[in-house]
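*Asks:* So that we are looking at the same thing, I have put the structure below in C-alpha coordinates.
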Amino acid sequence: VPPGPEHPPWHCLAQGRGSPRLVLVVVFVALLLDNMLLTVVVPIVPTFLYTTEYEGANDSLAPAQTGAAPPVSKAAPSSSLFSRRGHFDNSSVTVLGSGSPPEVPNGTESSPPVPPRGCPGGDEFLTKENVRVGLLFASKALVQLLVNPSVGALTNRIGYHIPMFIGFTIMFLSTVMFAFSGTYTLLFIARALQGVGSSFSSVAGLGMLASVYPDDCERGSAMGIALGGLALGVLIGAPFGSIMYEFVGKSSPFLVLAFLALLDGALQLCILQPSRICPESTKATPMFTLLRDPYILAAAGALCFSNMGVAMLEPTLPIWMMQTMCSPQWQLGMAFLPASISYLIGTNLFGILANKMGRWLCSMIGMAVVGVSLLCVPLAKNIYGLIGPNAGLGFAIGMVDSSMMPIMGYLVDLRHTSVYGTVYAIADVAFCMGFAIGPSTAGAIVRAIGFPWLMVIIGVTNLAYAPLCWALRSPPAREEKMAILSQESPMQTKSYTRQKPLQEFPLVDNSDVEDKNVE
(Lines of atoms letter the chains of each structure in order from A; the text may use other names.)
(Lines give C-alpha, C1' and ligand atoms only; values in the text may rest on other atoms or scores of the structure.)
Protein backbone atom coordinates (compact mmCIF):
# COMPACT_ATOMS: atom_id res chain seq x y z
CA VAL A 1 0.00 0.00 0.00
CA PRO A 2 1.57 3.35 -1.01
CA PRO A 3 1.93 5.90 1.79
CA GLY A 4 -0.67 8.63 1.95
CA PRO A 5 -3.05 10.40 4.34
CA GLU A 6 -4.87 7.16 5.06
CA HIS A 7 -1.73 5.04 5.06
CA PRO A 8 1.19 6.88 6.68
CA PRO A 9 4.74 5.52 6.15
CA TRP A 10 4.88 3.95 9.59
CA HIS A 11 1.69 2.02 8.79
CA CYS A 12 3.35 0.59 5.67
CA LEU A 13 6.44 -0.30 7.74
CA ALA A 14 4.27 -2.08 10.29
CA GLN A 15 2.68 -4.14 7.53
CA GLY A 16 6.06 -4.91 6.02
CA ARG A 17 7.41 -6.23 9.32
CA GLY A 18 5.47 -9.44 8.76
CA SER A 19 7.45 -10.20 5.59
CA PRO A 20 10.05 -12.98 5.82
CA ARG A 21 12.05 -11.16 3.16
CA LEU A 22 12.74 -8.26 5.53
CA VAL A 23 13.95 -10.76 8.11
CA LEU A 24 16.24 -12.20 5.44
CA VAL A 25 17.61 -8.70 4.73
CA VAL A 26 18.39 -8.14 8.43
CA VAL A 27 20.19 -11.49 8.75
CA PHE A 28 22.06 -10.91 5.46
CA VAL A 29 23.40 -7.52 6.63
CA ALA A 30 24.33 -8.84 10.09
CA LEU A 31 26.33 -11.76 8.65
CA LEU A 32 27.92 -9.43 6.09
CA LEU A 33 29.30 -7.05 8.73
CA ASP A 34 30.32 -9.84 11.10
CA ASN A 35 32.41 -11.55 8.45
CA MET A 36 33.87 -8.33 7.10
CA LEU A 37 35.26 -7.73 10.59
CA LEU A 38 36.30 -11.39 10.75
CA THR A 39 38.49 -11.17 7.66
CA VAL A 40 39.52 -7.51 7.55
CA VAL A 41 42.12 -8.23 10.24
CA VAL A 42 43.70 -11.14 8.33
CA PRO A 43 46.16 -9.04 6.27
CA ILE A 44 46.46 -6.28 8.89
CA VAL A 45 47.49 -8.12 12.06
CA PRO A 46 50.67 -9.92 10.80
CA THR A 47 52.14 -6.79 9.21
CA PHE A 48 51.01 -4.52 12.05
CA LEU A 49 52.65 -6.73 14.69
CA TYR A 50 55.78 -7.05 12.57
CA THR A 51 56.03 -3.29 12.14
CA THR A 52 55.30 -2.36 15.75
CA GLU A 53 57.17 -5.16 17.55
CA TYR A 54 60.01 -6.40 15.36
CA GLU A 55 60.91 -3.12 13.68
CA GLY A 56 60.14 -1.14 16.82
CA ALA A 57 62.48 -3.30 18.88
CA ASN A 58 65.29 -2.99 16.35
CA ASP A 59 64.80 0.74 15.92
CA SER A 60 64.96 1.24 19.68
CA LEU A 61 68.20 -0.75 19.82
CA ALA A 62 69.82 1.24 17.00
CA PRO A 63 70.89 4.28 19.12
CA ALA A 64 72.50 1.98 21.69
CA GLN A 65 74.56 0.08 19.17
CA THR A 66 78.28 0.80 19.12
CA GLY A 67 80.57 1.02 16.16
CA ALA A 68 81.08 3.15 13.13
CA ALA A 69 78.71 4.23 10.41
CA PRO A 70 76.17 6.16 12.49
CA PRO A 71 74.52 7.47 9.29
CA VAL A 72 73.50 3.88 8.42
CA SER A 73 71.79 3.32 11.78
CA LYS A 74 69.95 6.62 11.47
CA ALA A 75 68.70 5.67 8.04
CA ALA A 76 67.06 2.49 9.27
CA PRO A 77 63.79 4.03 10.46
CA SER A 78 63.23 5.85 7.18
CA SER A 79 63.82 2.67 5.16
CA SER A 80 62.11 0.11 7.33
CA LEU A 81 61.36 -3.41 6.21
CA PHE A 82 57.72 -2.54 5.91
CA SER A 83 57.54 0.93 4.43
CA ARG A 84 54.36 2.97 4.67
CA ARG A 85 53.25 1.42 1.41
CA GLY A 86 54.02 -2.11 2.53
CA HIS A 87 57.14 -2.83 0.44
CA PHE A 88 60.39 -4.20 1.75
CA ASP A 89 63.75 -2.42 1.56
CA ASN A 90 66.73 -4.75 1.45
CA SER A 91 69.18 -1.99 2.38
CA SER A 92 67.97 -1.96 5.97
CA VAL A 93 67.77 -5.71 6.45
CA THR A 94 71.48 -6.18 6.97
CA VAL A 95 71.55 -3.52 9.66
CA LEU A 96 68.73 -4.70 11.90
CA GLY A 97 69.95 -6.68 14.85
CA SER A 98 73.61 -6.01 14.02
CA GLY A 99 76.02 -3.33 15.13
CA SER A 100 78.28 -3.65 12.12
CA PRO A 101 78.05 -1.73 8.87
CA PRO A 102 76.33 -3.38 5.93
CA GLU A 103 79.60 -4.25 4.18
CA VAL A 104 80.24 -7.31 6.36
CA PRO A 105 82.34 -10.05 4.73
CA ASN A 106 80.37 -13.10 3.69
CA GLY A 107 82.55 -15.43 5.71
CA THR A 108 81.90 -13.73 9.01
CA GLU A 109 79.77 -15.90 11.31
CA SER A 110 78.28 -12.92 13.14
CA SER A 111 76.70 -11.45 10.01
CA PRO A 112 72.97 -12.10 9.77
CA PRO A 113 71.67 -13.92 6.70
CA VAL A 114 70.56 -11.58 3.98
CA PRO A 115 67.07 -12.43 2.71
CA PRO A 116 66.30 -12.21 -1.00
CA ARG A 117 65.61 -8.74 -2.27
CA GLY A 118 62.12 -7.59 -1.33
CA CYS A 119 61.70 -10.16 1.46
CA PRO A 120 61.43 -9.31 5.16
CA GLY A 121 64.12 -10.18 7.65
CA GLY A 122 63.54 -11.74 11.03
CA ASP A 123 62.68 -15.29 9.94
CA GLU A 124 62.69 -16.45 13.56
CA PHE A 125 60.29 -13.67 14.53
CA LEU A 126 57.96 -14.57 11.64
CA THR A 127 58.01 -18.24 12.64
CA LYS A 128 57.05 -17.39 16.20
CA GLU A 129 54.48 -14.90 14.93
CA ASN A 130 52.62 -17.79 13.27
CA VAL A 131 51.67 -19.06 16.73
CA ARG A 132 50.71 -15.67 18.17
CA VAL A 133 48.65 -14.61 15.16
CA GLY A 134 46.96 -18.01 15.10
CA LEU A 135 45.97 -17.71 18.77
CA LEU A 136 44.64 -14.20 18.20
CA PHE A 137 42.50 -15.33 15.27
CA ALA A 138 41.31 -18.40 17.19
CA SER A 139 40.24 -16.36 20.24
CA LYS A 140 37.10 -15.16 18.46
CA ALA A 141 35.96 -18.65 17.55
CA LEU A 142 36.90 -20.04 20.97
CA VAL A 143 34.81 -17.45 22.80
CA GLN A 144 31.96 -17.93 20.33
CA LEU A 145 32.20 -21.67 20.94
CA LEU A 146 31.72 -21.15 24.68
CA VAL A 147 28.89 -18.60 24.38
CA ASN A 148 26.80 -20.33 21.69
CA PRO A 149 24.99 -22.87 23.93
CA SER A 150 23.85 -20.10 26.27
CA VAL A 151 22.63 -17.99 23.36
CA GLY A 152 20.69 -20.94 21.94
CA ALA A 153 18.91 -21.43 25.25
CA LEU A 154 18.30 -17.69 25.57
CA THR A 155 16.58 -17.49 22.17
CA ASN A 156 14.22 -20.26 23.26
CA ARG A 157 13.25 -18.20 26.30
CA ILE A 158 12.96 -14.65 24.97
CA GLY A 159 12.89 -15.03 21.18
CA TYR A 160 15.30 -13.85 18.51
CA HIS A 161 14.85 -10.07 18.46
CA ILE A 162 16.68 -9.02 21.62
CA PRO A 163 19.68 -11.39 21.16
CA MET A 164 20.06 -10.11 17.60
CA PHE A 165 20.27 -6.52 18.81
CA ILE A 166 22.66 -7.45 21.64
CA GLY A 167 24.91 -8.96 18.99
CA PHE A 168 24.91 -5.70 17.02
CA THR A 169 25.83 -3.68 20.13
CA ILE A 170 28.76 -5.90 21.04
CA MET A 171 30.00 -6.02 17.44
CA PHE A 172 30.02 -2.22 17.31
CA LEU A 173 32.09 -2.00 20.51
CA SER A 174 34.53 -4.62 19.20
CA THR A 175 34.98 -2.75 15.91
CA VAL A 176 35.75 0.53 17.66
CA MET A 177 38.23 -1.25 19.94
CA PHE A 178 40.02 -2.74 16.92
CA ALA A 179 40.38 0.74 15.45
CA PHE A 180 42.24 2.14 18.46
CA SER A 181 44.16 -0.92 19.72
CA GLY A 182 47.93 -0.60 19.44
CA THR A 183 49.15 -3.73 21.24
CA TYR A 184 48.74 -7.46 20.87
CA THR A 185 46.81 -7.70 24.14
CA LEU A 186 44.20 -5.13 23.15
CA LEU A 187 43.80 -6.72 19.72
CA PHE A 188 43.29 -10.08 21.44
CA ILE A 189 40.58 -8.65 23.70
CA ALA A 190 38.84 -6.98 20.74
CA ARG A 191 38.88 -10.25 18.79
CA ALA A 192 37.45 -12.18 21.75
CA LEU A 193 34.73 -9.55 22.22
CA GLN A 194 33.82 -9.97 18.57
CA GLY A 195 33.21 -13.65 19.29
CA VAL A 196 30.52 -12.79 21.85
CA GLY A 197 28.71 -10.47 19.45
CA SER A 198 29.01 -12.90 16.57
CA SER A 199 27.48 -15.66 18.68
CA PHE A 200 24.36 -13.60 19.37
CA SER A 201 24.01 -12.47 15.75
CA SER A 202 24.57 -15.81 14.01
CA VAL A 203 22.52 -18.06 16.30
CA ALA A 204 19.58 -15.64 16.51
CA GLY A 205 19.75 -14.82 12.79
CA LEU A 206 19.78 -18.41 11.53
CA GLY A 207 17.08 -19.37 14.02
CA MET A 208 14.90 -16.53 12.74
CA LEU A 209 15.26 -17.67 9.16
CA ALA A 210 14.36 -21.26 10.00
CA SER A 211 11.25 -20.12 11.89
CA VAL A 212 9.88 -17.81 9.17
CA TYR A 213 10.61 -20.22 6.29
CA PRO A 214 8.87 -23.51 7.23
CA ASP A 215 9.00 -24.92 3.70
CA ASP A 216 12.18 -26.97 3.23
CA CYS A 217 12.90 -25.74 -0.31
CA GLU A 218 12.30 -22.08 0.55
CA ARG A 219 14.39 -22.44 3.68
CA GLY A 220 17.29 -23.81 1.68
CA SER A 221 17.12 -20.87 -0.72
CA ALA A 222 16.90 -18.38 2.15
CA MET A 223 19.87 -19.97 3.90
CA GLY A 224 21.84 -19.76 0.67
CA ILE A 225 21.09 -16.04 0.36
CA ALA A 226 21.97 -15.42 4.02
CA LEU A 227 25.23 -17.32 3.62
CA GLY A 228 25.80 -15.14 0.58
CA GLY A 229 25.99 -12.25 3.03
CA LEU A 230 28.61 -14.19 4.94
CA ALA A 231 30.47 -14.85 1.70
CA LEU A 232 30.26 -11.23 0.63
CA GLY A 233 31.72 -10.16 3.98
CA VAL A 234 34.61 -12.57 3.53
CA LEU A 235 34.98 -11.40 -0.07
CA ILE A 236 35.21 -7.72 0.82
CA GLY A 237 36.98 -8.01 4.17
CA ALA A 238 40.55 -9.10 3.40
CA PRO A 239 41.14 -6.99 0.24
CA PHE A 240 39.39 -4.01 1.83
CA GLY A 241 41.56 -4.32 4.94
CA SER A 242 44.85 -4.65 3.10
CA ILE A 243 44.20 -1.71 0.74
CA MET A 244 42.85 0.62 3.47
CA TYR A 245 45.70 -0.25 5.84
CA GLU A 246 48.34 0.30 3.17
CA PHE A 247 47.07 3.59 1.75
CA VAL A 248 45.06 5.18 4.60
CA GLY A 249 46.02 3.67 7.94
CA LYS A 250 45.21 0.94 10.44
CA SER A 251 42.12 2.56 11.99
CA SER A 252 40.39 3.45 8.72
CA PRO A 253 38.80 0.06 7.80
CA PHE A 254 37.46 -0.43 11.31
CA LEU A 255 35.94 3.04 11.48
CA VAL A 256 34.14 2.39 8.18
CA LEU A 257 32.81 -0.90 9.58
CA ALA A 258 31.68 0.86 12.78
CA PHE A 259 29.64 3.30 10.69
CA LEU A 260 28.06 0.44 8.74
CA ALA A 261 27.28 -1.32 12.01
CA LEU A 262 25.31 1.73 13.16
CA LEU A 263 23.23 1.51 9.99
CA ASP A 264 22.61 -2.16 10.74
CA GLY A 265 21.42 -1.25 14.23
CA ALA A 266 18.96 1.27 12.79
CA LEU A 267 17.68 -1.39 10.40
CA GLN A 268 17.10 -3.81 13.26
CA LEU A 269 15.26 -1.18 15.30
CA CYS A 270 12.90 -0.52 12.39
CA ILE A 271 12.19 -4.14 11.43
CA LEU A 272 12.70 -6.37 14.46
CA GLN A 273 11.48 -4.16 17.35
CA PRO A 274 14.05 -5.69 19.73
CA SER A 275 12.28 -4.45 22.89
CA ARG A 276 9.77 -7.29 22.73
CA ILE A 277 10.16 -10.61 24.50
CA CYS A 278 8.72 -13.35 22.30
CA PRO A 279 9.41 -16.80 23.76
CA GLU A 280 8.84 -19.97 21.78
CA SER A 281 5.44 -21.53 22.48
CA THR A 282 6.85 -25.06 22.15
CA LYS A 283 9.51 -26.42 24.47
CA ALA A 284 12.79 -26.92 22.67
CA THR A 285 14.63 -30.21 22.53
CA PRO A 286 17.50 -30.17 25.07
CA MET A 287 20.92 -29.58 23.60
CA PHE A 288 22.35 -32.82 24.99
CA THR A 289 19.59 -34.75 23.23
CA LEU A 290 20.50 -33.10 19.94
CA LEU A 291 24.20 -33.78 20.53
CA ARG A 292 23.40 -37.49 20.87
CA ASP A 293 21.77 -37.52 17.44
CA PRO A 294 24.33 -39.10 15.05
CA TYR A 295 22.88 -37.34 12.01
CA ILE A 296 23.22 -33.90 13.58
CA LEU A 297 26.77 -34.80 14.60
CA ALA A 298 27.59 -35.90 11.03
CA ALA A 299 26.32 -32.59 9.63
CA ALA A 300 28.17 -30.62 12.30
CA GLY A 301 31.40 -32.48 11.55
CA ALA A 302 31.16 -31.59 7.87
CA LEU A 303 30.78 -27.91 8.78
CA CYS A 304 33.71 -28.10 11.19
CA PHE A 305 36.33 -29.82 9.02
CA SER A 306 35.51 -28.05 5.76
CA ASN A 307 35.84 -24.62 7.39
CA MET A 308 38.93 -25.67 9.35
CA GLY A 309 40.91 -25.65 6.11
CA VAL A 310 40.38 -21.97 5.39
CA ALA A 311 40.74 -21.23 9.11
CA MET A 312 44.25 -22.71 9.02
CA LEU A 313 45.09 -20.66 5.94
CA GLU A 314 44.13 -17.31 7.48
CA PRO A 315 47.07 -16.92 9.91
CA THR A 316 49.65 -19.00 8.02
CA LEU A 317 49.21 -18.18 4.33
CA PRO A 318 50.15 -14.45 4.60
CA ILE A 319 53.31 -15.27 6.56
CA TRP A 320 54.20 -18.12 4.15
CA MET A 321 53.76 -15.68 1.25
CA MET A 322 56.05 -13.18 3.00
CA GLN A 323 58.74 -15.80 3.44
CA THR A 324 58.57 -17.66 0.11
CA MET A 325 57.04 -15.21 -2.40
CA CYS A 326 58.34 -11.93 -0.94
CA SER A 327 54.80 -10.60 -1.41
CA PRO A 328 54.06 -6.92 -0.78
CA GLN A 329 51.43 -6.09 1.77
CA TRP A 330 48.51 -5.57 -0.63
CA GLN A 331 48.89 -9.13 -1.97
CA LEU A 332 48.43 -10.68 1.47
CA GLY A 333 44.75 -9.81 1.47
CA MET A 334 44.18 -10.20 -2.27
CA ALA A 335 45.28 -13.84 -2.07
CA PHE A 336 41.96 -14.67 -0.40
CA LEU A 337 39.92 -12.91 -3.10
CA PRO A 338 39.43 -15.99 -5.36
CA ALA A 339 38.18 -18.04 -2.41
CA SER A 340 35.77 -15.32 -1.40
CA ILE A 341 34.32 -14.83 -4.89
CA SER A 342 33.87 -18.56 -5.46
CA TYR A 343 32.31 -18.98 -2.00
CA LEU A 344 29.79 -16.27 -2.86
CA ILE A 345 28.94 -18.09 -6.10
CA GLY A 346 28.82 -21.50 -4.43
CA THR A 347 26.45 -20.55 -1.61
CA ASN A 348 23.95 -18.84 -3.92
CA LEU A 349 24.13 -21.54 -6.60
CA PHE A 350 23.85 -24.56 -4.33
CA GLY A 351 21.29 -22.99 -2.01
CA ILE A 352 18.82 -23.99 -4.73
CA LEU A 353 20.70 -26.71 -6.61
CA ALA A 354 21.61 -28.77 -3.54
CA ASN A 355 17.94 -29.46 -2.80
CA LYS A 356 17.54 -30.96 -6.28
CA MET A 357 20.73 -33.03 -6.47
CA GLY A 358 20.68 -34.12 -2.83
CA ARG A 359 22.29 -32.14 -0.05
CA TRP A 360 24.23 -35.16 1.18
CA LEU A 361 25.80 -35.59 -2.28
CA CYS A 362 26.54 -31.89 -2.58
CA SER A 363 28.31 -31.83 0.77
CA MET A 364 30.27 -35.02 0.03
CA ILE A 365 31.57 -33.65 -3.27
CA GLY A 366 32.32 -30.33 -1.58
CA MET A 367 34.47 -31.91 1.12
CA ALA A 368 36.41 -33.90 -1.45
CA VAL A 369 37.13 -30.74 -3.47
CA VAL A 370 38.18 -28.96 -0.24
CA GLY A 371 40.75 -31.68 0.38
CA VAL A 372 42.19 -31.58 -3.13
CA SER A 373 42.35 -27.77 -3.15
CA LEU A 374 44.25 -27.66 0.13
CA LEU A 375 46.77 -30.19 -1.17
CA CYS A 376 47.43 -27.91 -4.15
CA VAL A 377 48.07 -24.71 -2.16
CA PRO A 378 51.78 -25.39 -1.34
CA LEU A 379 52.48 -25.98 -5.05
CA ALA A 380 52.01 -22.27 -5.81
CA LYS A 381 55.17 -20.30 -6.60
CA ASN A 382 53.53 -16.85 -6.70
CA ILE A 383 50.18 -15.23 -6.00
CA TYR A 384 48.85 -16.30 -9.41
CA GLY A 385 49.45 -19.93 -8.51
CA LEU A 386 47.10 -19.51 -5.54
CA ILE A 387 44.13 -18.50 -7.69
CA GLY A 388 43.10 -22.04 -8.67
CA PRO A 389 43.43 -23.76 -5.27
CA ASN A 390 41.82 -20.89 -3.37
CA ALA A 391 38.95 -20.61 -5.86
CA GLY A 392 38.29 -24.34 -5.61
CA LEU A 393 38.46 -24.14 -1.82
CA GLY A 394 35.93 -21.32 -1.58
CA PHE A 395 33.50 -22.91 -4.05
CA ALA A 396 33.63 -26.24 -2.24
CA ILE A 397 33.08 -24.72 1.20
CA GLY A 398 30.11 -22.88 -0.27
CA MET A 399 28.71 -26.24 -1.37
CA VAL A 400 29.09 -27.69 2.12
CA ASP A 401 27.73 -24.69 4.04
CA SER A 402 24.69 -24.17 1.79
CA SER A 403 23.85 -27.87 2.16
CA MET A 404 24.51 -28.41 5.86
CA MET A 405 22.76 -25.32 7.25
CA PRO A 406 19.32 -26.28 5.86
CA ILE A 407 19.90 -29.92 6.82
CA MET A 408 20.38 -28.91 10.46
CA GLY A 409 16.93 -27.29 10.52
CA TYR A 410 15.43 -30.19 8.57
CA LEU A 411 16.80 -32.78 10.99
CA VAL A 412 15.18 -30.96 13.91
CA ASP A 413 11.84 -30.92 12.10
CA LEU A 414 12.23 -34.56 11.16
CA ARG A 415 13.47 -36.03 14.43
CA HIS A 416 12.91 -33.48 17.21
CA THR A 417 10.89 -30.38 18.14
CA SER A 418 10.65 -27.61 15.55
CA VAL A 419 12.46 -24.99 17.64
CA TYR A 420 15.67 -23.88 15.98
CA GLY A 421 17.74 -21.81 18.38
CA THR A 422 19.51 -24.80 19.91
CA VAL A 423 20.30 -26.66 16.69
CA TYR A 424 21.77 -23.56 15.06
CA ALA A 425 23.79 -22.98 18.20
CA ILE A 426 25.23 -26.45 17.56
CA ALA A 427 25.85 -25.57 13.89
CA ASP A 428 27.64 -22.41 14.95
CA VAL A 429 29.62 -24.36 17.54
CA ALA A 430 30.80 -26.70 14.79
CA PHE A 431 31.71 -23.76 12.59
CA CYS A 432 33.58 -22.12 15.47
CA MET A 433 35.43 -25.30 16.40
CA GLY A 434 36.97 -25.22 12.95
CA PHE A 435 37.97 -21.59 13.39
CA ALA A 436 39.21 -22.21 16.96
CA ILE A 437 41.18 -25.43 16.47
CA GLY A 438 42.45 -24.44 13.02
CA PRO A 439 44.34 -21.19 13.71
CA SER A 440 45.43 -22.19 17.23
CA THR A 441 47.11 -25.41 16.02
CA ALA A 442 48.19 -24.24 12.56
CA GLY A 443 50.96 -21.99 13.84
CA ALA A 444 52.47 -24.73 15.99
CA ILE A 445 52.27 -27.27 13.16
CA VAL A 446 53.93 -24.87 10.71
CA ARG A 447 56.70 -24.20 13.20
CA ALA A 448 57.24 -27.94 13.75
CA ILE A 449 56.95 -29.47 10.27
CA GLY A 450 56.28 -26.59 7.85
CA PHE A 451 53.40 -25.08 5.92
CA PRO A 452 53.19 -27.74 3.14
CA TRP A 453 52.69 -30.57 5.64
CA LEU A 454 49.99 -28.56 7.39
CA MET A 455 48.05 -28.46 4.12
CA VAL A 456 48.57 -32.20 3.64
CA ILE A 457 47.17 -32.98 7.10
CA ILE A 458 43.98 -30.92 6.78
CA GLY A 459 43.49 -31.89 3.11
CA VAL A 460 43.64 -35.61 3.84
CA THR A 461 41.32 -35.11 6.83
CA ASN A 462 38.64 -33.61 4.58
CA LEU A 463 39.03 -36.38 2.01
CA ALA A 464 38.66 -39.00 4.74
CA TYR A 465 35.54 -37.37 6.23
CA ALA A 466 33.71 -36.88 2.92
CA PRO A 467 32.20 -40.44 2.73
CA LEU A 468 30.45 -39.88 6.10
CA CYS A 469 28.06 -37.47 4.36
CA TRP A 470 26.43 -40.59 2.89
CA ALA A 471 24.76 -41.06 6.27
CA LEU A 472 22.64 -37.95 5.60
CA ARG A 473 21.18 -39.43 2.42
CA SER A 474 17.95 -40.63 4.06
CA PRO A 475 17.82 -39.99 7.82
CA PRO A 476 14.94 -41.77 9.55
CA ALA A 477 12.17 -39.82 11.25
CA ARG A 478 11.02 -40.39 14.80
CA GLU A 479 8.01 -42.73 15.04
CA GLU A 480 5.64 -40.04 16.35
CA LYS A 481 6.47 -37.83 13.36
CA MET A 482 5.94 -40.40 10.65
CA ALA A 483 2.24 -39.56 10.44
CA ILE A 484 2.89 -35.92 9.49
CA LEU A 485 5.55 -36.61 6.89
CA SER A 486 5.16 -37.49 3.25
CA GLN A 487 5.76 -41.07 2.24
CA GLU A 488 8.44 -39.85 -0.15
CA SER A 489 12.12 -40.08 0.63
CA PRO A 490 12.75 -37.67 3.51
CA MET A 491 15.40 -35.64 1.71
CA GLN A 492 12.97 -35.07 -1.15
CA THR A 493 10.18 -33.80 1.08
CA LYS A 494 9.45 -30.23 0.06
CA SER A 495 7.19 -29.23 2.91
CA TYR A 496 6.02 -30.66 6.17
CA THR A 497 3.59 -29.81 8.91
CA ARG A 498 4.98 -27.98 11.88
CA GLN A 499 3.93 -28.67 15.43
CA LYS A 500 2.69 -25.10 15.79
CA PRO A 501 1.14 -22.67 13.33
CA LEU A 502 3.46 -20.12 11.75
CA GLN A 503 2.98 -16.76 13.44
CA GLU A 504 3.50 -13.36 11.96
CA PHE A 505 7.01 -11.99 12.28
CA PRO A 506 7.85 -10.20 14.44
CA LEU A 507 5.68 -12.13 16.79
CA VAL A 508 2.71 -9.98 17.71
CA ASP A 509 1.04 -9.74 21.06
CA ASN A 510 -1.65 -12.31 21.82
CA SER A 511 -4.16 -9.53 22.41
CA ASP A 512 -3.67 -8.30 18.85
CA VAL A 513 -4.33 -11.77 17.47
CA GLU A 514 -7.47 -12.14 19.57
CA ASP A 515 -8.80 -8.77 18.37
CA LYS A 516 -8.32 -9.85 14.76
CA ASN A 517 -10.16 -13.10 15.39
CA VAL A 518 -13.09 -11.25 16.99
CA GLU A 519 -13.37 -9.01 13.99
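From the backbone N, Cα and C atoms, a Cβ is placed for every residue, glycine too.
Unlike curated entries, TrEMBL annotations are predicted automatically.
Feature list, courtesy of TrEMBL:
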COMPBIAS  68-80  compositional bias 'Low complexity'
COMPBIAS  486-500  compositional bias 'Polar residues'
DOMAIN    23-477  domain 'Major facilitator superfamily (MFS) profile'
REGION    61-81  region 'Disordered'
REGION    94-120  region 'Disordered'
REGION    483-519  region 'Disordered'
TRANSMEM  22-45  transmembrane segment
TRANSMEM  165-190  transmembrane segment
TRANSMEM  196-213  transmembrane segment
TRANSMEM  225-248  transmembrane segment
TRANSMEM  254-274  transmembrane segment
TRANSMEM  295-313  transmembrane segment
TRANSMEM  333-353  transmembrane segment
TRANSMEM  360-380  transmembrane segment
TRANSMEM  392-412  transmembrane segment
TRANSMEM  419-438  transmembrane segment
TRANSMEM  450-472  transmembrane segment
*Asks:* Relative to the transmembrane segment (225-248), which of 165-190, 295-313, 333-353, 392-412, 419-438 accounts for the most Cβ pairs at distances under 8 Å?
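*Replies:* Stretch with the highest Cβ contact count: 333-353.
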*Asks:* Let me check one thing: do the transmembrane segment (22-45) and the transmembrane segment (419-438) come into contact, meaning three or more Cβ pairs under 8 Å with sequence separation of at least 6?
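*Replies:* Counting Cβ pairs under 8 Å (6 or more apart in sequence), the transmembrane segment (22-45) does not reach the transmembrane segment (419-438), since there are fewer than 3.
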*Asks:* Using a Cβ cut-off under 8 Å, which residues of the same chain at least 6 positions beyond either end of the transmembrane segment (392-412) come close to it?
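*Replies:* Distant contacts of the transmembrane segment (392-412): 206, 210, 216, 219-220, 223-224, 227, 230-231, 285, 290, 293, 295-296, 299-300, 302-303, 306-307, 309-310, 313, 338-351, 354-355, 359-360, 362-363, 365-370, 372-374, 376-377, 418-420, 423-424, 426-427, 472, 475.
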*Asks:* Can you give me the average pLDDT across the domain 'Major facilitator superfamily (MFS) profile' (23-477), rounded to a whole number?
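*Replies:* A mean pLDDT of 78 is what the model gives the domain 'Major facilitator superfamily (MFS) profile' (23-477).
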*Asks:* Can you tell me which of 165-190, 295-313, 419-438 gets the most C-beta pairs within less than 8 Å of the transmembrane segment (254-274)?
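*Replies:* Comparing 165-190, 295-313, 419-438: 165-190 has the most Cβ pairs near the transmembrane segment (254-274).
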*Asks:* At a C-beta cut-off of under 8 Å, are there same-chain residues at least 6 beyond the transmembrane segment (419-438) that contact it? List them, or none.
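*Replies:* For the transmembrane segment (419-438), the sequence-distant neighbours (Cβ-Cβ under 8 Å, at least 6 residues beyond its ends) are 137-138, 140-142, 144-145, 148-149, 151-156, 160, 195, 199, 202-204, 206-207, 210-211, 280, 282-287, 290-291, 296, 299-301, 303-312, 314, 404-405, 408-409, 411-412, 458.
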*Asks:* Please determine whether the transmembrane segment (295-313) and the transmembrane segment (360-380) are in contact (criterion: at least three Cβ-Cβ distances under 8 Å, sequence separation 6 or more).
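*Replies:* As far as Cβ distances go (cut-off 8 Å, pairs 6 or more apart), the transmembrane segment (295-313) and the transmembrane segment (360-380) touch.
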*Asks:* With Cβ-Cβ distances below 8 Å as the criterion, list the same-chain residues six or more beyond the ends of the transmembrane segment (333-353) that contact it, or say none.
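*Replies:* The answer is 39, 42-43, 220-225, 227-228, 230-232, 234-243, 310, 313-314, 317-318, 321, 327, 362, 366, 383, 386-388, 390-399, 401-403.
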